[in-house]
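As recorded in TrEMBL:
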- 48-105: domain 'CTLH' (DOMAIN)
- 218-259: repeat 'WD' (REPEAT)
- 263-304: repeat 'WD' (REPEAT)
- 477-519: repeat 'WD' (REPEAT)
Amino acid sequence: MENSPTTLGSKGLINKHEFLRVIIQCLYSLGYKKSASCLEIESGVRYESIEFDLLESQILSGDWDDCIDTLNKIKDVKDDTRSSVLFLVFKQCFLEYLNRGDDSLALSVLQKRVPTLHMSNETVHKLAYSILALKEMELGKLDEDVISELRKRLVMELGKQLPPPIVLPERRLEHLVETSVTAQIDSCIYHNSQDAVLLYEDHCCGRDQIPTETVQILTEHSNEVWFIQFSNNGEYLASSSSDCTAIIWKVMDHDKLTMKHVLRSHQNPVSFVAWSPDDTKLLTCGNLEVLKLWDVETGTCKHTFGDHGFTVSSCAWFPDSKRIVCGSSDPEKGICMWDCDGNEMKAWRGMRMPKVLDLAVTSDGENLISIFSDKEIRILNLRTNAEQVIFEEHSITSLSVSIDSKFFIVNLNSQEIHLRDVAGKWAKPLKYTGHKQNKYVIRSCFGGINSMFIASGSENTQVYIWNRQSSTPIEVLSGHSMTVNSVSWNPKRPLMLASASDDHTIRIWGPSQSNKIQPAETST
């Protein structure tokens, strides 16, 4: 062991003594007591510091004067921490003194010891009150086993409060490794897997972890496809088109989609669809027309909401799958809440109500987020009625909320996407650029594991993907021949993305394959 280096690692940043100590702690915490003890003997490094080893011995033997003296001599301990641990020791003193009927000694500790703590009057009064309370409880019957157990608890409590290096934080090595793994995941722009990260090598995902290649083209629509959305369970995709139809597609086990129902009832183009949280029902919005409710299993229309004078701009479900809310571009209509039978349950309307461009209900049912009059975002807490109002400098065309209800994104005609937190704690939004958007409604979405990606359509025929931590795209997907209006990332299949375009098609994107196969145009 002579001339053994004191530091480890290629950069010399790891103190060898500290490193061995956290390894020993880890072995003890995992139950490998013999291995930990052998390492202590062989390395000459002890898990417990000399100071804490002494404190433990003094507490377990009830040597309170020496224990207090040791605590007062320990260096580099903040005054409030020292006072806190001494307070715990004094409480144990009082308990034991009163337990054996030595009231005068208990009072002398209060009179002589407490003033050295530099504690507030409130804390001193609390300490005095605890003495009286213990006295009234007649604690003279505690046996030695109970006292011994209380002393062991005191040692554990001091271990939680005393700072390093006197005491190591619990599971320190596990925390260091977990922090390193988390940092590697956070820096991996393609991370999109729930598989465990191996410790044997540095973590780095490749492009094959996100959808970048067209694997299927759906051609059933006969005109521009304006909107698409995967169901919450990831088993279906719904699309709406200017051909006045909506289509429900079934996602098969082999990740191919086949047509399940064509929904024909609207007289005008269908601009929007919304899945119920339980995925048994689907809402479709006709452009400048009515709102319709469909049964997903049978493909039949169950109800028509409003009339041809009610101009629906967007709609959303509440978590119970029994209530819906829709907004109108007609200021006099405002926002309405209905049950599935068409009974109006609540309405937000009035002379000052601006036109509603888009809206969403967070999946926890807590907040209603609405886009008003091009540039205004309102977040209404439905439980407290508290409201946030956010103004954007440029016109907003669409809104999307993350699955966990914590974040939302808006597309702006300034060719930016803004990410904000629903709670309103951020001073400024995160911004994403690179796509093209000037005059059309372009929709974006969250996607991937933990919604760590953002995807968006674009007026230049391409699909853009960002990692949420970077403002520039990590992928630009080519394939469509006209504007891409909408995208949707499968919430249960993180490697599946869909895009809808004015070229009348829907493209399904999957991970890059080593043996590329030209996708066949198919609708079944």
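Each Cβ is built from the backbone N, Cα and C atoms, and glycine gets one as well.
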Residues of the parent chain within Cβ reach of the repeat 'WD' (477-519), under 8 Å, 6 or more residues beyond its termini:
192-193, 207-219, 221-230, 232-235, 237, 239, 241, 251, 255-257, 403, 440-449, 453, 455-465
Please list, for the repeat 'WD' (263-304), how many residues fall into helix, strand and coil according to DSSP.
0 helix, 23 strand, 19 coil
So how many of the residues in the repeat 'WD' (218-259) end up helix, strand or coil by DSSP?
0 helix, 23 strand, 19 coil
Please list the DSSP helix, strand and coil residue counts for the repeat 'WD' (477-519).
0 helix, 17 strand, 26 coil
